[in-house]
Amino acid sequence: MTIESQLLEMLKQAAKDVSKNAYCRYSDFPVGAAVCGGSGKIYTGCNVENVSFGLTMCAERSAIFSAIAAGEKTIQAVVIFTPTESLTPPCGACRQVISEFGDDVQIVSFSNLNCSGPQSIQELLPSAFGTLNHSE
Ligand SMILES: [Zn+2]
C-alpha cells in the first residue's frame, strides 16, 4: 500500500496549510486534514470547536464531507497534520466515517517530527460497524 510520493507531498502541504485555519480556541490543538477524492482532486478540512464541546468537528471529517459535497464518490487517501512532536491518528468517529468509503483508503498521519506509513482502515478500525460489504 503506497501513495504516489508527489501526491503525498501535495496532501501533506495542504493539510499543513489548512491546520492554520483551525478554530481551536478551547484546546489550542490545531489539526489539518487533506483528502484525495477518487477524481484526484484534493479537499481540506480543519477542526472547528464549539463552546458546547460535543459539537466540535474534526479536521478529517470536515475534509471528507467537503469532498463528498463537491461530488466525489470515493476517497483515495486521508492525510492528517498536527503541529506537534508525536503523531495524532484519526479518532474513532473519523475512523468509522473513513470506513464508509471502503477498504482501499490510505491514511497517513504526520507531525513536525514524524510521519506514519500509509495505513489501511482495517488496520486502524478492525471489525468496523457496518452493513455494507465493500469487497463486492
Ligand atoms: Zn476525528
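Every residue, even glycine, has its Cβ placed from backbone N, Cα and C.
Positions annotated as domain 'CMP/dCMP-type deaminase' by TrEMBL: 6-132.
Residues or ranges marked as Zn(2+) binding site in TrEMBL: Cys58, Cys91, Cys94. Look at Cys91 (Zn(2+) binding site): DSSP puts it in coil.
In the three-state DSSP assignment, the secondary structure recorded for Glu60 (active site, proton donor) is helix. The active site, proton donor annotation in TrEMBL covers Glu60.
The candidate set comprises the binding-site residues Cys58, Cys91, Cys94. Of these, Cys94 has the most other Cβ atoms within 10 Å. One way to see the shell of the Zn(2+) site is to take the Cβ centroid of Cys58, Cys91, Cys94; the remaining same-chain residues with a Cβ within 8 Å of it are Ala59, Glu60, Arg61, Pro90, Gly92, Ala93, Arg95, Val97. Counted within 10 Å of its Cβ, the other Cβ atoms near Glu60 (active site, proton donor) come to 30, all protein chains included.
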